[in-house]
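Visitor: I am attaching a structure below and will ask some questions about it afterwards.
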């Protein structure tokens, strides 16, 4: 098989790369079939091997010919990496097309563009990864380490440049079952990417090369032993048993599952608000208890798709809802320098900035805290070159003229009476490792308000939940995830799901608040350990290659 892949050309070669990338998606949520990587990652290695064969064939030629061959091999590696990435992102992100069907009469024509151009753009990162790996390609098992370093750095770059989009980072493959997940608290998701490539690519590469000495020992050392170590470490971390809870705190999460096509209709706003009020009075068991014993209520992202701070009736209704010493933390829209009676009319925008916010309300309907979203979704919440694109008739998916504005940085800690300080995260802000916490003050809780109703009954909401779940493990604090439609959940600092409301479910979730654990290694050092591992693996590989070259003389 290795020879067939290496020597493939034309559309056959592209098809092999595309299929390998597409199958790799099975390692992600909700499937978690990560053993598929034991076959797909070796295919990528063999493809890069094929690009190096051409350069080796001209190794003895004159310098100009050799240089041309080397450059050609880099281009071929980049193309192979691009097709692998295109397959991976096309099938991993197909669900984004659902967002364009919510108002298909307006945005439907963009669906084929979005589901192809976005994966095509993200595949440039795997193209660069493959080309970078080819630049340092060496024979033998060391090339697995080269690919691991290239993949780790490539995924880190994907999560940081051009606003960043670390969705389905390869390291998520090794976060199920729960035992494997615990290593995220040490290495972070990018560090797990290094381990994923090393563990998954080694066995087939070793067995496919009959010249490899002691193949069994190498497989044990580079695959079996690391996997066993991850399982054992996870078992030790989880051994103490269930997490303890914060005394005197009872939380209620509200999931209304408002259909997305109704969400932004002005005519539906009163009904949507009334539905949140109604559900808030109902316990998890379905009994109306008027929030008896509940200390904090949580509503999802844009639960109030209007301007509550400019709507006295809404503030009065919130005050009527909340008993004494009960607080509401809700997703809402906020207008800069708002006054009573303001609405989201085109005439008021973009003269004043509008924010996608989390607002905490007290039992009198008063405002206790505000967080404005920092990391906005391109084309969903704003348009690049907003004024120009709106002038030619384009709109963001939320159809708010002028788009949302970016909140103040760094990310604040929000304080609400009765709750420990928490880090607020709106929608996909929860997928950015290390960015969920900013500054020296460590939160004791993460609160993720989201609306996955855009993405229907697809894999998207499951992927979103799992990635948010890993932030709790990395930081060692609980995560409250409250979704309009998606999957609401309470997750403890070890990634255990204490309770959840499934996709499309309408109801409430009553829960206690898990205590945080001591600061994890990742919480203390962030991606510093990952970068140290990159340097260590690179140096070790270089030393091994130099030793082998010296020994071969």
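Glycine residues also receive a Cβ, built from the backbone N, Cα and C atoms like all the rest.
Sharing the record's features from TrEMBL:
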TRANSMEM  15-48  transmembrane segment
TRANSMEM  77-97  transmembrane segment
TRANSMEM  109-132  transmembrane segment
TRANSMEM  144-167  transmembrane segment
TRANSMEM  187-207  transmembrane segment
TRANSMEM  219-239  transmembrane segment
DOMAIN    254-515  domain 'CN hydrolase'
TRANSMEM  522-545  transmembrane segment
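What's the neighbourhood like for each of these?
Guide: Outside the transmembrane segment (187-207) by six or more residues, the chain places 34-35, 37-39, 41-42, 45, 141, 143-145, 147-149, 151-152, 155-156, 159, 166, 169-175, 215, 218-219, 222-223, 226-227, 230, 433-434, 470, 474, 522, 526-527, 529-530, 533-534, 537 with a CB less than 8 A from a CB of the stretch.
Outside the transmembrane segment (219-239) by six or more residues, the chain places 141, 144, 174, 178-183, 185-186, 195, 198-200, 202-203, 206-207, 494 with a CB less than 8 A from a CB of the stretch.
Under 8 Å from some Cβ of the transmembrane segment (522-545) lie the Cβ atoms of residues 138, 142, 145-146, 148-149, 152-153, 156, 184-188, 190-191, 194, 433-434, 437, 442, 474-476, all in the same chain and six or more residues away from its ends.
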Visitor: Over the domain 'CN hydrolase' (254-515), work out the mean pLDDT and round it to an integer.
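Guide: So the average pLDDT across the domain 'CN hydrolase' (254-515) works out to 90.
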Visitor: With a Cβ cut-off under 8 Å, give me the same-chain residues at least six positions beyond the ends of the transmembrane segment (109-132) that come close to it.
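Guide: Hits for the transmembrane segment (109-132): 21, 44, 47-48, 74-75, 77-86, 88-90, 92-94, 96-97, 99-101, 147, 150-151, 153-155, 157-158, 165.
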